[in-house]
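Below is one structure; the comments refer to it alone.
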Amino acid sequence: MAINRWFFSTNHKDIGTLYLIFGAWAGMVGTALSLLIRAELSQPGTLLGDDQIYNVIVTAHAFVMIFFMVMPVMIGGFGNWLVPLMIGAPDMAFPRMNNMSFWLLPPSLLLLLASAGVEAGAGTGWTVYPPLAGNMAHAGASVDLAIFSLHLAGISSILASINFITTIINMKPPAISQYQTPLFVWSILVTTILLLLSLPVLAAAITMLLTDRNLNTTFFDPAGGGDPILYQHLFWFFGHPEVYILILPGFGMISHVVAYYSGKKEPFGYMGMVWAMMAIGLLGFIVWAHHMFTVGMDVDTRAYFTSATMIIAIPTGVKVFSWLATLHGGSIKWETPLLWALGFIFLFTVGGLTGIVLANSSLDIVLHDTYYVVAHFHYVLSMGAVFAIMAGFIHWFPLFSGYTLHSTWTKTQFLVMFIGVNLTFFPQHFLGLAGMPRRYSDYPDAYALWNTVSSIGSLISLVAVIMFLFIIWEAFAPSGKVLSVELPHTNVEWLHGCPPPYHTYEEPAFVQVQRTYF
């Protein structure tokens, strides 16, 4: 029965598919919101109303893309589908908890959309800073609904994290050490540890905000001895690891895609890749105040956060050059996933360079809350995380579905998307350097040219999204069935055919390990 299969599923493949469909749907909602933003900013003057409605759209766009698109697709979708297959486990460690992790997300999204729909909406930005998020500036239920939405999404992520950590550590064949698992599995492990350590801090912060709003506490109100800066510290202690949570599974997917289409049996520098991910995970927790250079910290505090932030570039550079070394000397197959992966490597590096610029606290005083910051994080998210998702999706789509995507169309779609996102976000560097601030619905005429260019870019990206939907629809034609699988022995997830049977590894996998002595 379909209801039993999809609503009460305990199968990692079905739950992974649910996550992918949910993420695709949320991604379209988030894209629609982003187009409203770019329509408002396409020329000087007002289109939609006042700054409140504009900021509600901006806030909803951020939350939808982060919590309901990137995380469900990368961790819930690819993680659920691939981790058990890659380590030879019959399923996840806690299959019913896995189901609950997914089904907490639709109500969470519903609460978020409700928060935008009631009263005046939550026009706080995704950071939800008090006093703007307090009950004076935001009277009504909007911010409270957004807080509850975050609580549900957070519980979902914590449960999923416990599940993945347990699965990856305990459900490998005994003969396999952790240092023989694929890099995607490592990336999910590091990501879920980050989630488990950072989300409780966010929960604490927004719970205190909830009581400040409704129970007359003063955690963040100076009138009662509180401090709004405390909220910023708590939020960014979660918020900075969160941005690494969004990109780390992408690192894992890119490692697999680059190795596969370079004709290599493994990525260059496996151990270096693993340690780099662990280093990024650790360093991600000790740089949070670089989001707060403008709150008036001591010069020595700013010096520390500047240098600690720059140190993260080292393990990141290790990964970038290892990907390039994997490509070197390979027998390259120029298929669409590799194009996405190459786009990822280049554009993620550009985003990383603007990040190094922003790490300088003295420069950041000037660039903070300008479009330079928007350009920076959209290069690493809209062209890092999204490109990784596209590379992984097109690469593993035959595994998930048993059907192949049309090669020429996916290549065309890559080209359109590549032009669209770059045209959207590259001009924003110029706007930021010229001093245009974020989160305003209108601007002086001097900024009109690059804003118009940026908005045209967003329409090109929209065309690419619609093309992608058509390509997926077209793939399910009977002519597109997968007939054979290449290289299953170095890519263990393909071992069971396309698509794999409903239950894999019903008896424990037989593993013969060749001992290597380091």
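Heads up, the Cβ atoms here are built off N, Cα and C, so glycines get one too.
In Swiss-Prot this protein carries:
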type	residues	note
TOPO_DOM	1-11	topological domain 'Mitochondrial matrix'
TRANSMEM	12-40	transmembrane segment
BINDING	GLU40, GLY45, SER441	Na(+) binding site
TOPO_DOM	41-50	topological domain 'Mitochondrial intermembrane'
TRANSMEM	51-86	transmembrane segment
TOPO_DOM	87-94	topological domain 'Mitochondrial matrix'
TRANSMEM	95-117	transmembrane segment
TOPO_DOM	118-140	topological domain 'Mitochondrial intermembrane'
TRANSMEM	141-170	transmembrane segment
TOPO_DOM	171-182	topological domain 'Mitochondrial matrix'
TRANSMEM	183-212	transmembrane segment
TOPO_DOM	213-227	topological domain 'Mitochondrial intermembrane'
TRANSMEM	228-261	transmembrane segment
BINDING	HIS240, HIS290, HIS291	Cu cation binding site
BINDING	TYR244	O2 binding site
TOPO_DOM	262-269	topological domain 'Mitochondrial matrix'
TRANSMEM	270-286	transmembrane segment
TOPO_DOM	287-298	topological domain 'Mitochondrial intermembrane'
TRANSMEM	299-327	transmembrane segment
TOPO_DOM	328-335	topological domain 'Mitochondrial matrix'
TRANSMEM	336-357	transmembrane segment
TOPO_DOM	358-370	topological domain 'Mitochondrial intermembrane'
BINDING	HIS368, ASP369	Mg(2+) binding site
TRANSMEM	371-400	transmembrane segment
TOPO_DOM	401-406	topological domain 'Mitochondrial matrix'
TRANSMEM	407-433	transmembrane segment
TOPO_DOM	434-446	topological domain 'Mitochondrial intermembrane'
TRANSMEM	447-478	transmembrane segment
TOPO_DOM	479-518	topological domain 'Mitochondrial matrix'
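Sequence features, as recorded in Swiss-Prot, placed on the structure.
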residue : record                 : Cβ contacts under 8 Å, 6 or more apart
GLU40   : Na(+) binding site     : THR46, LEU47, LEU48, TYR54, ILE57, SER441
GLY45   : Na(+) binding site     : ASP442
HIS240  : Cu cation binding site : GLY284, PHE285, VAL287, TRP288, HIS290, HIS291
TYR244  : O2 binding site        : THR191, LEU194, ILE280, GLY281, GLY284
HIS368  : Mg(2+) binding site    : PHE293, THR294
ASP369  : Mg(2+) binding site    : THR294, PRO437, ARG438, ARG439
Within-chain partners of the transmembrane segment (270-286) [C-beta distance under 8 Å, separation at least 6 from its ends]: 179, 183, 186-187, 190-191, 193-194, 197-198, 237, 240-241, 243-244, 248, 251-252, 255, 308, 311-312, 314-316, 318-319, 322
Spatial neighbours of the topological domain 'Mitochondrial matrix' (171-182) far in sequence, C-beta under 8 Å, 6+ residues away: 84, 86-89, 93, 252, 256, 270-271, 274, 492, 508-509, 511-513
Among the ranges 299-327, 407-433, 447-478, the one whose Cβ pairs under 8 Å to the transmembrane segment (228-261) are most numerous: 299-327
Range from 12-40, 95-117, 183-212, 371-400, 447-478 with most C-beta pairs under 8 A to the transmembrane segment (407-433): 447-478
Top partner of the transmembrane segment (141-170) among 95-117, 371-400, 447-478 - counted as Cβ pairs under 8 Å: 95-117
The residue listed as 'O2 binding site': secondary structure state under DSSP, collapsed to three categories: helix
Environment of HIS240, HIS290, HIS291, the listed Cu cation site - residues of the same chain whose CB lies within 8 A of the CB centroid: TRP236, GLY239, VAL287, TRP288, ALA289, MET292, PHE305, THR309
Same-chain residue ranges lying at least 6 outside the transmembrane segment (447-478) that approach it to Cβ under 8 Å: 27-28, 31, 34-35, 38-39, 41-44, 397, 401, 403-406, 409-410, 412-413, 416-417, 419-425, 427-428, 430-431, 434, 436
Intrachain residues whose Cβ lies under 8 Å of the topological domain 'Mitochondrial matrix' (401-406), provided they are six or more past its termini: 336, 394, 471-472, 474-477, 480-482, 498-499
Cβ within 8 Å of the mean position of the Cβ atoms of GLU40, GLY45, SER441: remaining residues of the chain near Na(+): LEU41, GLN43, PRO44, THR46, LEU47, LEU48, TYR54, ASP442
For the topological domain 'Mitochondrial intermembrane' (434-446), sequence-distant contacts whose Cβ falls under 8 Å of one of its Cβ atoms, 6 or more beyond its ends: 40-41, 44-46, 48, 50-51, 54-55, 58, 125, 369-371, 373-374
Chain residues in Cβ proximity to the topological domain 'Mitochondrial matrix' (328-335) (below 8 Å; excluding those fewer than six residues from its ends, i.e. six or more beyond): 261-264, 268, 407
DSSP helix/strand/coil residue counts for the topological domain 'Mitochondrial matrix' (401-406): 1 helix, 1 strand, 4 coil
